[in-house]
Amino acid sequence: MTQPSSPVSLTRFLIEEERADHISADLRLLIEVVARACKTISIAVGKGALGGVLGDAGTGNIQGEAQKKLDVIANDVLLEANAWGGHLAGLASEEMDHSMPIPDVYPRGNYLLLFDPLDGSSNIDVNVSVGTIFSVLRCPEGVTTPADEHYLQPGTAQVAAGYCVYGPQTTLVLTVGHGTHAFTLDREVGSFVLTTRGIRIPEETREFAVNASNQRFWEPPMQRYVGDMLLGNQGTRGKDFNMRWIASMVADVHRIMTRGGIFSYPLDSKCAPKGGKLRLMYEANPMSFLVEQAGGAASTGRQRMMEVQPSGLHQRVPVFLGSKAEVETAVRYHAEHDAAG
Ligand SMILES: O=P(O)(O)OC[C@H]1O[C@](O)(COP(=O)(O)O)[C@@H](O)[C@@H]1O
Ligand SMILES: [Mg+2]
Ligand SMILES: [Mg+2]
């Protein structure tokens, strides 16, 4: 007898992943807690002006950036939900100066959670998609009170990563190292439902995403790379390119997950003293894990992103990720430039 095909909830998907030995029960429950927090953030984002959540919080974060009210709200939601979740030894956030070990009085586990609670903050007040990005690491063996240094593991050590995009639909995109999968929030029912199993990013693309206003500050290989794309079918690339820039990494990456493309936030002379614009631990590494698991590639331009050995919790890096062949082309421009001295 054929079974009626019913929608697969995130809960059922995670139970199946546990049965397949892809995740532990603790990791399954941890992801459920993060997903629940994302639902709460999605509701707050959706209320907008009606919920009094728009505008500046009047505070700044360790990155020297002004915090929006929703940056603070999303951070609090994730902290509160996960502190009581029982599956973490500690957590770290883009919005907090240091990581936070889970206090003894709370239930504790063996994972470390890192997150960018609200990505694309500059878009909140203009009603454009924003998101949450998260990454899960194992707490090193024997460590009961993890400090910042215990989070400094390369992206290859991640056991799970995901983002939730708050757009016309709220969509959670997740990997536990066995493909990348998308779950759409059924708002009436209140649960995430599997809508794409095994996302595959097309290898080739004719679409790139970059903040072109930084062009004069870019390094020479980036100038040449984008210059050649702009020449289109009249230049060496032999094809015309389209450009998109939402300024929410989550939304730009989600487009690439859906139809391919390359996303880049390269090194420029403004952000060079900090190493780049985007954060390795909260943005670049989780997105790289998701993109690689979907058949794409992710690089700093000179090194596979997930092999970068982190030196600081809030470290920044240049980013190129998306369609594999296109990322390889961007890397080739950098290699040729460096080889020429
Ligand atoms: O405003 P810019 O320079 O184009 O930068 C946009 C980039 O900055 C970010 O907004 C940084 O994220 P936050 O909003 O979490 O600080 C990325 O999402 C986005 O890709
Ligand atoms: Mg961000
Ligand atoms: Mg943020």
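Glycine residues also receive a Cβ, built from the backbone N, Cα and C atoms like all the rest.
In TrEMBL, annotation is done automatically, which means it is predicted and not curated.
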> TrEMBL records Asp116, Leu118 as Mg(2+) 1-binding residues. Which of Glu94, Glu95 is assigned to the same site?
Replying inline: Glu94
> Which single residue out of Glu219, Glu283, Glu292 does TrEMBL record at the Mg(2+) 2 site shared with Asp116, Asp119?
Replying inline: Glu283
> Among all the protein chains here, how many other CB atoms are within 10 A of the CB of Gly120 (substrate binding site)?
Replying inline: 21
> Which state, by DSSP, holds Asp116 (Mg(2+) 1 binding site): helix, strand or coil?
Replying inline: strand
> Which residues does Ser121 (substrate binding site) neighbour through Cβ under 8 Å, counting only same-chain ones at least six apart?
Replying inline: Glu65, Gln67, Lys68, Leu70, Asp71, Val130
>> Given Ser122, Asn211, Lys277, Glu283 as the binding-site residues, which ones have a Cβ positioned under 6 Å from some atom of ligand 3?
In response: none
>> Suppose the Mg(2+) 2 site is Asp116, Asp119, Glu283. Which further residues of the same chain have a Cβ inside 8 angstroms of that site's Cβ centroid?
In response: Glu94, Phe115, Gly120, Gly131, Thr132, Ile133, Tyr163, Met249, Val250, Leu278, Arg279, Tyr282
> Quick one: which of the binding-site residues (Asp119, Ser121, Asn211, Glu283) have their CB closer than 6 Å to ligand 2?
Replying inline: Asp119, Glu283
